[in-house]
Amino acid sequence: MAALRRALIILAHSEKTSFNYAMKEAAVEALQRKGWEVAVSDLYAMKFDPIISRKDITGALKDPENFQYPAESALAYKESRLSPDIVTEQKKVEEADLLIFQFPLQWFGVPAILKGWFERVFTGGFAYTYAAMYDKGPFQNKKAVLSITTGGSESMYSLKGIHGDMNIILWPIQSGTLHFCGFQVLEPQLTYGIGHTPPDVRTEILAGWKKRLENIWDETPLYFAPSSLFDLNFQAGFLLKKEIEDEQKNNKYGLSVGHHLGKPIPTDNQIKARK
């Protein structure tokens, strides 16, 4: 019998009548049907505080006269002095094999409440260290997927669309947040123009999401340039190794959205996994 898998769904939408809430409900149903244990962090329902502050640390601060949140929160994590709400969320993350982030795209990024969740929960020492980041990060054995709704149509987020390439929009979240902490990032579930989508199509989208979730653990993650391609020290500047740079000179495309090397970006690098 396969080992029990655990999923954590982080929902960032205020309304239970929203399509985002319906996507969350569909995910819970589909995963539980396949034997997953599912936890949900409904950030609005929880009244989650997205603002980083001194209140996140219990006990004496290391340097109260020159408060620096990253250093103080990392030390507080190490010494078990983080506030209870942060500890609760970190425990959920620790226990999960798969994280699903369900949210509407707002101003080309995550909603403020979810941004605050990342800033408060993904503390130094817990979610990253500079000695262990990206594919060597603390969460390298976990998987994550973004399930996003947009107001604009798919064409608006295309290469010729007025909003620009969706791959560019996804890079800071998928690489700069999730993969930076080690997650294997799966193809995003993108639901475009949901406000203009008729009920029958919405039903089809929910059914397709449920179907995908049946085997989501077996999916191939998105490609990111491995950390082994870089000189990982401050003296070298964490730059691409010279021999790798030389190897890439004759390639038509760059390595990824962020590591394009001045060349065309690989098609759908942040939307489709390499086959």
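Just so you know, glycine gets a Cβ as well, placed from its N, Cα and C.
Database features, via Swiss-Prot:
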{"type": "BINDING", "residues": "H13, F19, N20, Q68, L105, Q106, W107, F108, T149, T150, G151, G152, Y157, R202", "note": "FAD binding site"}
{"type": "MOD_RES", "residues": "S83", "note": "phosphoserine"}
{"type": "BINDING", "residues": "A127, Y128, T129", "note": "substrate binding site"}
{"type": "REGION", "residues": "226-275", "note": "region 'Important for apoenzyme conformational stability'"}
{"type": "CROSSLNK", "residues": "K252", "note": "SUMO2 cross-link"}
*Among the recorded positions N20, S83, T149, whose Cβ has the fewest other Cβ atoms within 10 Å?*
S83
*Pick from H13, K252: which of these recorded positions has the biggest number of other Cβ atoms within 10 Å of its Cβ?*
H13
*Looking at the recorded positions S83, L105, Y157, which has the shortest Cα distance to Y128 (substrate binding site)?*
S83
_Within a 10 Å radius around the Cβ, which one of these binding-site residues has the most neighbouring Cβ atoms: W107, Y128, Y157?_
Y157
*Compared by Cα position, which of the recorded positions S83, A127, T129, K252 is the closest one to W107 (FAD binding site)?*
A127
*Report, in whole Å, the straight Cα-to-Cα distance of T129 (substrate binding site) from S83 (phosphoserine).*
21
_Residue from N20, L105, T149, G151, Y157 whose C-alpha is spatially nearest that of T129 (substrate binding site), among the binding-site residues_ = L105
*Work out the three-state DSSP category of N20 (FAD binding site).*
helix
*asked:* Please list, in sequence order, the residues in the chain of A127 (substrate binding site) that are at least six apart in sequence and whose C-beta is under 8 Å away from its C-beta.
replied: V93, V121, G137, P138, F139, C181
